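**Q** What TrEMBL records for 41-70, 90-119 is domain '4Fe-4S ferredoxin-type'. What TrEMBL records for Cys50, Cys53, Cys56, Cys109 is [4Fe-4S] cluster 1 binding site. Annotation comment: TrEMBL describes Cys60, Cys99, Cys102, Cys105 as [4Fe-4S] cluster 2 binding site. TrEMBL lists 147-211 with the feature region 'Disordered'. Annotation source TrEMBL lists compositional bias 'Basic and acidic residues' at 152-168, 195-211. Per TrEMBL, compositional bias 'Low complexity' is recorded for 169-179.
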Amino acid sequence: MSLPGRGLAKGLAVTLRTMTRRTVTQQYPETPPELVPRSRGVIALFEENCTVCMLCARECPDWCIYIDSHKETVPAAAPGGRERSRNVLDRFAIDFSLCMYCGICVEVCPFDALFWSPEFEYAEEDIRDLVHERDRLREWMWTVPAPPALDPRAEEPKEVAAARRTADKLAAAQAAQAAEAERAAQEQAAQGRDAQGRDAAEQPRDGEAGA
Ligand code: SF4
Ligand code: SF4
């Protein structure tokens, strides 16, 4: 059974603790605030990864992502193959005067083309300037913090494993090429020595013939 007034006493204790806590004023803008790395400041676009799938624009609850694109035909990779068509990005913009920083677009992007940056100093005098076009969204990429290190016991990510396999194959091919070049150089040098040896062996005979 709870004592009467216990809740009130607990509330007062919290109030007293807060009242007596030392206040700290952050001297912004002289001292930049210490933000947590995953702060939602602004959205950055890594447009090389964007396939114009439109998922982010469709899922955005505020309809503040504007994407324009056109189709291009890619010739067949091999003779007899089929031509393919692909989307080419013409415009990618986010209106930060409408954005509510919910993060849905970043979450749904299947190709890792959108990232959060902790940058927040982009206030504008004209609200229309809060529409960030693709160049500006691309610039924000340089302010995106590196992802945290993986747990040492975690499985190697598929992308990293694939990249490592490709790098290993490339290194093996380069090593084989270098070994082949060295073998060819040694053979050439050996042939050169043989030719010199033959010349040297023939020279006395030439001398004898002259005598
Ligand atoms: S954070 Fe939310 S509101 Fe802002 S652009 Fe992305 S989906 Fe739209
Ligand atoms: S969801 Fe990702 S890949 Fe698709 S259009 Fe948006 S940014 Fe581009």
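The backbone N, Cα and C atoms fix where each Cβ goes, glycine too.
Note that the structure is predicted; figures quoted are calculated from it, not measured.
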**Q** Across all chains shown, how many C-beta atoms besides its own are within 10 angstroms of the C-beta of Cys99 ([4Fe-4S] cluster 2 binding site)?
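**A** Summing over all protein chains shown, Cys99 ([4Fe-4S] cluster 2 binding site) has 20 other Cβ atoms within 10 Å.
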**Q** Provide the three-state DSSP residue tally for the compositional bias 'Low complexity' (169-179): helix first, then strand, then coil.
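**A** Once the DSSP states are binned, the compositional bias 'Low complexity' (169-179) shows 11 helix, 0 strand, 0 coil.
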**Q** Do me a favour and check the Cα-Cα span between Cys102 ([4Fe-4S] cluster 2 binding site) and Cys56 ([4Fe-4S] cluster 1 binding site); whole Å is fine.
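**A** Rounded to the nearest whole number, the Cα-Cα distance is 12 Å.
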**Q** What is the interatomic distance between the Cα atoms of Cys109 ([4Fe-4S] cluster 1 binding site) and Cys60 ([4Fe-4S] cluster 2 binding site), given in whole Å?
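**A** Rounded to the nearest whole number, the Cα-Cα distance is 11 Å.
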**Q** Return the members of Cys50, Cys53, Cys60, Cys99, Cys109 (the binding-site residues) with CB less than 6 angstroms from at least one atom of ligand 1, or none.
**A** Cys60, Cys99
**Q** Identify which of the following binding-site residues, namely Cys50, Cys99, Cys102, place a Cβ less than 6 Å away from any atom of ligand 2, and list them by sequence position.
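**A** So the answer is Cys50.
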**Q** Starting from the [4Fe-4S] cluster 2 site formed by Cys60, Cys99, Cys102, Cys105, give every other residue of that chain whose CB sits within 8 Å of the mean position of their CB atoms, in sequence order.
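**A** Going along the sequence, the neighbours appear as Ile43, Cys56, Glu59, Pro61, Asp62, Cys64, Ile65, Ile94, Met100, Tyr101, Gly103, Ile104.
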**Q** By a 10 A CB contact count over all chains shown, which of the binding-site residues listed here is most packed: Cys53, Cys60, Cys102, Cys105?
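**A** Max Cβ neighbours within 10 Å, all protein chains included: Cys105.
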**Q** For the recorded [4Fe-4S] cluster 1 site, whose residues are Cys50, Cys53, Cys56, Cys109, find every other residue on that chain with a C-beta no more than 8 angstroms from the centre of their C-beta atoms, and list them by sequence position.
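**A** Filtered neighbour residues, in order: Thr51, Val52, Met54, Leu55, Ala57, Cys105, Val108, Pro110, Phe111, Ala113, Leu114.
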